[in-house]
Amino acid sequence: MSAVTAAPPLASAPAARGGTTLTGTWSLVRFILRRDRVRLLVWSLAIPALYLASLGEYTAMADDPEGMQARAALVQTPAMVSMTGPGYGTDDYTVGAAVSNELVLWMVLALAVMSILQVVRHTRAEEESSRSELVRAAAVGRHAPVVAALVVVLLVNVVVAALSSAVLVGAGLEAVDSVAMSLGVAMSAMTFGAIALVASQVTEHSRGATGLSMAALGAAFTLRTIGDMQEQHGSWVSWLSPIAWAQQMRAYVDLRWWPAALGAVVIVVLLFVASTLASRRDFGAGLVPDRPGRADALPSLRTPAALVWLQQRMALLWTALGLAFMWFATGTIVNQVGAMTESLANNPVYASVLGSGEVTKAFVGIIVLYAALGAAAYGIVAALRAKTEEDAGRAEYALATPVSRARWLGANLGVTSAGTVVVLVTGVLALAGGAAVAGTEDVTFGEVTEAGLLFLPALAVFVGLAAALFAWIPKATSLVWLLLEYTIVVALFADLFHLPDWARRISPFWWVPDPLTAGVDWVHVGGLCAVALVLFVLAFAGFRRRDVATK
Amino acid sequence: MTTTASSTTPAVEVHDLRKAFGSVQALDGLDLTVETGQVAGFLGPNGAGKSTAIRVLLGLLRSDSGSARLLGGDPWRDAVALHRRLAYVPGDVSLWPNLTGGEAIDYLARLRGKPDKRRKAELLERFELDPTKKARTYSKGNRQKVALVAAFVSQVDLLVLDEPTSGLDPLMEAVFTEHVREAKAAGTSVLLSSHILSEVEKVCDTVTIIRGGRAVESGTLDDLRHLTRSAVTAVVDGDPSPIAAMAGVHDLATTSNGAGTRVTFDVDNSEMGRVLPAISALGVHSFTAQPPSLEELFMRHYGDELAADGVPTSGDGADGAGKHAASSRAGAQ
């Protein structure tokens, strides 16, 4: 990939030669590789690196067979099932079984996000800007841009699979299982790339296409959790999720290839659907043509906040609805935690890990954490809309009206913060409601809600950091995503990686008290509020003094 | 119009303004004045610093040094108060994709004060703009119209227009010109940045030509024309060669035709008084003198740059003037 260093000409085909609808695909592939060389290189190296780091920990753990079996017991607890897999090989928990059971979920998630972003970026987003128009007007076939985008996603997934296999085999794991598992992960990830392609045909905006695809990923995540909670090794519900297909290959335990074929079939079907939809619509349009709107604005549209609200409300509505649905569904399986606990109760190793009453609370605690991560991601996306506004030149236009910098930023951050609160609160209430509907007695509605609301100060830190970066170093706003990714790593892998305390404290979520399993440390809550406040003040001070980017 | 004490001070007053982006010096000691109630043209090619200067005046960019006053206030510190009294049209309008054109116009106008519904309807009709379409479906020209309607719908003291007609068809350009004149008649000051010379020539009282972030020429159109040359074509009986030797005469060429000798040359306007008697002494059959177009003024300042880029320019770059002269010659026969 890095071998491509110069931008190739877009249309190398001579005019005299005829062409097919795929003419120019190869040139476009090289062009995408050139444009995205840094981000693709980071993805390609990060995934194998994550395998490498975890392998070190698992290998060390395997030196102590008892420790390994304790881990096997731990990963069958409800809280851990929601973070790992269907639990194959827990009778004899080898390094391979641990890798396959615990890591596949996260590798699929990461590569699925990569595939979704990459597909949308090179299909709908290109079409939305007029860049694709420029390319399609050249000697490039009608289907070439889409096929090129898919080829690149396929290429990256294959490269990641090859490097990952090499790392796994290098650590002494079985070669066939390593290759099978890596390809299974790639196949599941590609499925979401294909979903993103369909979404790109349906919606008119890249943001909508990304949102739809991410919703599909969230649904797949939830279905997998619910299915694997219902039954050891997963119920039929698990099989509805492309994530499970990679996990169900049982790599390093009792390898079977056919679940990967499910992915291949679904991908082919999705590509067929996408191409059918594509041929039914015009360039640049969605499936539903635009209807005329109002000639005059509603009387309420007279403040910057009203405008921001108008721009963000649909995204907020769908995010809150989608996530609430996910958390409600997850809440309804909370009562099954008790049943799982009983079936495991005669396992002495397991009993030493957790007291039975605490298990449900630990599980709910993890789901609340997921809900908070979802709300944090929403908050970051919404806060960074300010940067989109500036990059598009709309901030310049808006600030040439009698609207002060503070009022403009305040409108953006106000709507963003309110939206983030809504996403978290509806999510937590849905989870608590789901649990109540299921009739659990281990946690109360109030306890779940309290645990969720305690995340609000940490969410304010994320929004505040996004705003402060936007105000001071707009080019570096993506650093806030890095902090969120780090927060996920700390929340899920801190113990596995033996992260030192100081490293865990960088994560804002580390400071959030968990009233379900411990008391509430109000000093930590106050500290998070103070940090958030400082970040917001910095944001306003910085945006007031800097130049507005000009197009 | 608010004719307060500020009517005596210029609407825009910029002195020795400097602004650098990294190593690029976008403004390098710019001077610019727009007198109250006047329409000032701000001419220069892409990258000359026009938009940077306008963005400093709008308080979007902070200048490195120099002074800038807008309607008697400080463009950075008093931005909000000043923006209540001005309207801005960017050269590349980016609108909120999910708003219709009509909604965007209302929103922008409401921020400035209470919009006049009748005036909005009138402007929409004049500019032939459908306000019910979503902004993302508008062409570039239509987005530009939205910004123009939003600007003209408010009664303001100053219009800041940054290449406002890019993407408009000639009919709409005429509508635009009309509204600028109307605004001027109502006492509004206008700063019109452009690289379309005919547009500036039609509506502007004064012109500032900017190059490399600095004003190279400024004054009224008449002032500027004084500094330059006219293109003269005449058919005479006598021998015009002595004229070639006169001060201020350039590029003299002769061809004989049936009636006499056709002579063409450029003459410095300051020397016109001395050249005219000399040529009339030769027995004149026909005579045309073409005043310098703004294009010629412009080319005189930028011609060398174009030549360096391989764009052919004739002599001192008076391409357009040459064409005008040719057509008037044809008309004379």
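For all residues, glycine too, the Cβ spot is worked out from N, Cα and C.
Unlike curated records, TrEMBL annotations are generated automatically.
As given in TrEMBL:
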| type | residues | note |
| --- | --- | --- |
| TRANSMEM | A:40-61 | transmembrane segment |
| TRANSMEM | A:103-123 | transmembrane segment |
| TRANSMEM | A:144-173 | transmembrane segment |
| TRANSMEM | A:179-199 | transmembrane segment |
| TRANSMEM | A:211-227 | transmembrane segment |
| TRANSMEM | A:257-278 | transmembrane segment |
| TRANSMEM | A:315-334 | transmembrane segment |
| TRANSMEM | A:362-384 | transmembrane segment |
| TRANSMEM | A:413-439 | transmembrane segment |
| TRANSMEM | A:451-472 | transmembrane segment |
| TRANSMEM | A:479-499 | transmembrane segment |
| TRANSMEM | A:519-543 | transmembrane segment |
Region pair the transmembrane segment (A:315-334) / the transmembrane segment (A:179-199), three or more CB pairs under 8 Å: no
Among the ranges A:211-227, A:479-499, A:519-543, the one whose Cβ pairs under 8 Å to the transmembrane segment (A:40-61) are most numerous: A:479-499
Interface-richest range of A:103-123, A:144-173, A:211-227, A:257-278, A:362-384 toward the transmembrane segment (A:451-472), CB pairs under 8 Å: A:362-384
Same-chain residue ranges lying at least 6 outside the transmembrane segment (A:362-384) that approach it to Cβ under 8 Å: 77-79, 82-83, 218, 312, 315-316, 319, 323, 327, 330-331, 334, 337, 354, 412-413, 415-417, 419-420, 423-424, 427-428, 431, 435, 443, 447-448, 451-452, 455, 458-459, 462-463, 466-467, 470, 477, 480-481, 484, 487-488, 491, 509, 512, 514, 516-517
Contacting positions for the transmembrane segment (A:211-227) when only residues 6+ beyond its ends and CB under 8 Å are counted: 81-82, 105, 109, 112-113, 116, 119-120, 192, 195-196, 199, 202-203, 234-244, 247, 315, 318-319, 322-323, 326, 329-330, 333, 374
